[in-house]
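Participant: Okay, here's the structure, questions in a sec.
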Amino acid sequence: MALYSAAAAVLAGVERGEGGLKSLVYNSGFPHVRQLYALVSETFRYASVLEKLLDGAALLQAEKKLAPQLAKVLVYDLLFGKGLKCGGRWKALARRHRARLEAELARLKVRHKVSRNEDLLAPEKAVSAAASQVPRYVRVNTLKTCVDDVIDFFKRQGYAYLGKAASVEELKALSGKKFLLDLHLPELLVFPSQTDLHDNLLYTSGHIILQDKASCLPAFLLGPVAGSHVIDACAAPGNKTSHLAAILKNKGQIFAFDVDPKRVATMNTLLTRAGVTGCQLVQQDFLTVDPRDPKYSRVTHILLDPSCSGSGMVTRGPGEEMAPSAERLQALAGFQHRILNHALSFPALRRLVYSTCSLHQEENENVVQAVLQEWGSAFRLVTAFPSWPCRGLAAFSGAESCLRASPAETLTHGFFVAVLERCKEGAAAPSSLPAAAKENPQPGEGKEPGAAPKKRKKKKQQMK
């Protein structure tokens with residue numbers, strides 16, 4: 001039964017926008033990840049068919065305590081998989097409804113004039129061409145190694161290094177065992193989309209982090225200098241937190257918040273593997289944190305990546321985008337508005353990055369606009385990453401300072417990022433990030449993001 005519970009939890013996480021299918025599987029803590037991934041990805045692929053079967057057989061109405069995600073997993077294995085692998089009450093429940101479910105499946109095939117189960121999959125189930133081209137991004141964990149060492153390691157494993165990419169088109173053309181250095185982020189390697197590195201020694205030892213390029217932008221653009229005090233307000237599962245620690249070189253203090261104990265435990269495992277120190281994990285709702293607490297009196301930077309619809313997430317397994325209802329969007333935007341307001345109330349705050357993995361203006365530009373209006377001249381938008389091709393929607397004057405990411409335009413997950421900074425006395429016009437970076441240099445010696453990194457003189461570590 002543990003397999004089905006884990007699979008149902010992953011499906012629920014995808015629906016809540018907590019991450020991609022594969023990342024949630026590998027961060028689940030389930031011991032047999034390949035078995036779990038196979039079950040979840042196939043259940044996801046048949047999701048629309050399973051929903052029709054559940055509705056036709058009225059299974060959820062008959063079994064009030066059965067969660068929809070668990071129902072899908074059980075019915076998939078019962079009708080499309082290799083048979084149920086559990087005993088107890090759930091197996092008895094599935095057997096009790098088996099005849100009705102099989103009859104509903106037969107009716108569905110007759111209605112669609114098909115004979116095979118696979119023929120029930122609608123064309124819209126295929127992953128879009130743009131989404132299927134999103135590469136496998138690998139962030140080098142500079143707390144444990146350096147880019148040159150990681151490149152050498154992969155070359156010894158038979159991969160061909162093609163140098164630094166000059167365009168997005170080069171990333172799109174990757175195939176086989178070839179990889180590039182990203183054209184924008186100096187410590188990001190790019191592999192073909194089908195590359196699976198979860199069993200690679202560099203990943204299991206924490207030398208590399210499998211993290212989408214768009215997800216690397218918030219910490220990169222926040223750019224705190226070593227020694228800074230930083231809050232990661234909605235931190236789990238911890239990839240952005242580990243990125244902040246790398247930027248800080250483990251010098252300074254990070255306060256990483258998450259309200260869920262299981263997610264905090266997962267984050268602790270990830271950060272330990274990544275070699276992160278100087279980070280205090282706090283199991284607490286960030287909205288309940290007192291900004292005037294002396295503990296946070298030196299916090300100058302906040303990374304805020306709150307819960308969102310997840311509409312920009314591209315799963316690496318089969319799946320489809322979840323379309324949130326208007327009520328759901330309104331509720332999320334209300335929460336995001338409150339938490340952004342709360343984050344700006346920390347007295348020593350100088351810079352904040354607000355990001356979501358949502359495509360919806362209601363969660364992005366509209367939230368930023370409303371909060372900035374409430375704060376008057378206290379904060380302003382920084383022009384984030386001027387060379388980035390995809391800008392914020394023209395929802396208000398200055399929205400072009402924000403950036404967006406998408407599978408079609410930037411070969412990443414869908415993402416939104418806004419950089420806010422406290423205005424200095426007498427400041428009026430919005431600044432640009434490179435100007436702000438003179439005070440708080442970005443990774444890569446304070447150059448504008450996208451500039452070539454300086455050659456590192458760090459002694460190579462031995463990775464056998």
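Glycine is no exception: its Cβ is also placed from the backbone N, Cα and C atoms.
Got these off TrEMBL a minute ago, pasting:
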- CYS234, ALA235, ALA236, PRO237, GLY238, ASN239, LYS240, ASP258, ASP285, ASP305: S-adenosyl-L-methionine binding site (BINDING)
- 91-118: coiled coil (COILED)
- 126-423: domain 'SAM-dependent MTase RsmB/NOP-type' (DOMAIN)
- 430-464: region 'Disordered' (REGION)
Participant: Highest Cβ count within 10 Å among the binding-site residues CYS234, ALA236: which residue is it?
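Facilitator: Of the binding-site residues CYS234, ALA236, the highest Cβ count within 10 Å belongs to ALA236.
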Participant: For ASP285 (S-adenosyl-L-methionine binding site), list the number of other Cβ atoms lying within 10 Å of its Cβ atom.
Facilitator: 14
Participant: Would you measure the largest Cα separation among CYS234, ALA235, ALA236, PRO237, GLY238, ASN239, LYS240, ASP258, ASP285, ASP305 for the S-adenosyl-L-methionine site and round it to whole Å?
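Facilitator: So the binding residues stretch over 19 Å, Cα to Cα.
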Participant: Taking the Cβ of each of the binding-site residues and counting other Cβ atoms inside 10 Å, which one has the highest number: GLY238, LYS240?
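Facilitator: Of GLY238, LYS240, the one with the most crowded Cβ is GLY238.
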